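Q: Reproduced below are the annotations present in TrEMBL:
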BINDING   Ser47, Leu48, Arg49, Thr50, Trp75, Arg110, His147, Pro148, Leu149, Gln150, Cys277, Leu278, Arg305  carbamoyl phosphate binding site
BINDING   Glu142, His177, Lys241, Arg281  N(2)-succinyl-L-ornithine binding site
DOMAIN    3-160  domain 'Aspartate/ornithine carbamoyltransferase carbamoyl-P binding'
DOMAIN    202-313  domain 'Aspartate/ornithine carbamoyltransferase Asp/Orn-binding'
Amino acid sequence: MKQFFSVADVADLSNIVDEALRLKSNPFAYEHLGKRKTLGLVFLNPSLRTRLSTQKAAIHLGMDVMVMNMDKDGWALETRDGIAMNGTTVEHIREAAAVMGQYCDILGIRSFPKLEDRDVDYGEDLFRKFIAFCGVPVVSLESATRHPLQSLTDLITIREHWHQPRKPKVVMAWAPHVKALPQAVPNSFAEWMSRAQAEGLMDFTIAHPPGYSLSEQFTQGATMTNLLDEALEGADFVYVKNWSSYEDYGKVQHISESWMLDHAKLALTNQAKVMHCLPVRRDVELASEVLDGPHSLVIQEAGNRVWGAQVVLKRMLEQLLLDK
Ligand SMILES: NCCC[C@H](NC(=O)CCC(=O)O)C(=O)O
Ligand SMILES: NC(=O)OP(=O)(O)O
């Protein structure tokens, strides 16, 4: 594996999930694989889970880790080409990425969308340039349109908590929020679970209010509905997530009906397990009675971020050995 940006970078979902669960039961099995190799983690936005779980995964593999908080400690970054840098930006991504590639064997980068111009965000300009100029394998720590380490982990978590012979019904349910949030997490969850559905691993439904459709490139084959209660019927897993509008890009519309998952809504499901990528706004996105109750998987899900990151880093390290 030379890059980890979307589900398209993974050949077989069942294999990678099984491999991640084997790493979970034997975390140090490959502790020599990353010896004398350096992972660089570059953050242009805040992070708790991605930062710590990816570091932990690298430690299990024997790697050294360097973290760069570009937003706070780096020079102001320019990404546009063909302009004279006579304003506030100090360093171009061409040099910044290339230099970081000199110090690191694998790089990870987090960069959120600005939610101002859809074409700019969905063009993934910064990410593409970072990959093009750094010269080493790159793992997405969440980009403008996707969060693949999260979605891989979500699939691992569903697999780990499903023990019946039939396929689980997985529902992604839009939730309220006080701010306009990116579509990266729901896009990514949708593209991974749609692929999992195509590989016969689950049935996948997306419920959202009118005006909150995601881009069709991520939702191929998913059942789509504007009726939350109907979607929740028979659900085995409910994945709660807010996102701002893709159609009326980055905007938040007033929603009259309550979309927050609470005990009453959970009662419509098949004793569903409840997931959320975190951070979560209690009693806005998700009722605390659910978060604090036995149906919540959010802490186990966050814990599994280590195994999602570790299987990706392991595959990248193995590729580096092959390329040597
Ligand atoms: N990396 C995980 C999710 C990041 C982001 N959440 C946030 O920005 C929360 C901000 C707040 O609640 O104010 C999102 O949902 O896309
Ligand atoms: N879920 C997730 O990516 O969390 P952080 O933003 O804290 O890394």
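Counting starts with 1 at the first residue shown.
Cβ atoms are placed via backbone N, Cα and C, with glycine included.
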Q: Count the Cβ atoms, other than its own, that fall within 10 Å of the Cβ of Arg305 (carbamoyl phosphate binding site), considering every protein chain shown.
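A: Around Arg305 (carbamoyl phosphate binding site), other Cβ atoms within 10 Å: 25.
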Q: On a simple 10 Å Cβ count over all chains shown, which one of the binding-site residues Arg49, His147, His177, Arg281 is most densely packed?
A: His147
Q: In Å, how long is the longest CA to CA span across Ser47, Leu48, Arg49, Thr50, Trp75, Arg110, His147, Pro148, Leu149, Gln150, Cys277, Leu278, Arg305, which the record gives as the carbamoyl phosphate binders?
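A: Between the most distant Cα atoms of the carbamoyl phosphate site, 30 Å.
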Q: Please report the number of other Cβ atoms within 10 Å of the Cβ of Lys241 (N(2)-succinyl-L-ornithine binding site).
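A: Its Cβ shell of radius 10 Å holds 23 other Cβ atoms.
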Q: Just to be sure I understand the contacts, which binding-site residues have a Cβ under 6 angstroms from any atom of ligand 1? Candidates are Arg49, Trp75, Glu142, Leu149, Cys277.
A: Glu142, Cys277
Q: Count the residues of the domain 'Aspartate/ornithine carbamoyltransferase Asp/Orn-binding' (202-313) that DSSP assigns to helix (H, G, I), to strand (E, B) and to coil, and report the three numbers in that order.
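A: Within the domain 'Aspartate/ornithine carbamoyltransferase Asp/Orn-binding' (202-313) the tally stands at 31 helix, 20 strand, 61 coil.
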Q: If you measure from the C-alpha of Glu142 (N(2)-succinyl-L-ornithine binding site), which of the binding-site residues Arg49, Trp75, Leu149, Cys277, Arg305 fall inside 10 Å?
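A: Near Glu142 (N(2)-succinyl-L-ornithine binding site), where near means Cα within 10 Å, the binding-site residues are Leu149.
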Q: Among the binding-site residues Ser47, Arg49, His147, Leu149, Cys277, Arg305, which ones place their C-alpha within 10 angstroms of the C-alpha of Lys241 (N(2)-succinyl-L-ornithine binding site)?
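A: Taking Ser47, Arg49, His147, Leu149, Cys277, Arg305 one by one, the ones whose Cα falls within 10 Å of Lys241 (N(2)-succinyl-L-ornithine binding site) are Cys277.
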Q: Can you count the other CB atoms that lie within 10 A of the CB of Cys277 (carbamoyl phosphate binding site)?
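A: Other Cβ atoms found within 10 Å: 25.
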Q: Is it possible to get the count of other C-beta atoms within 10 angstroms of the C-beta of Leu149 (carbamoyl phosphate binding site)?
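A: Step by step: centre on the Cβ of Leu149 (carbamoyl phosphate binding site), count other Cβ atoms within 10 Å, giving 26.
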Q: Measure from each Cβ of the binding-site residues Ser47, Arg49, Trp75, Leu149, Cys277, Arg281 to the atoms of ligand 2 and list the residues where some distance is under 6 Å.
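A: Only Ser47, Arg49, Cys277 meet the Cβ criterion.
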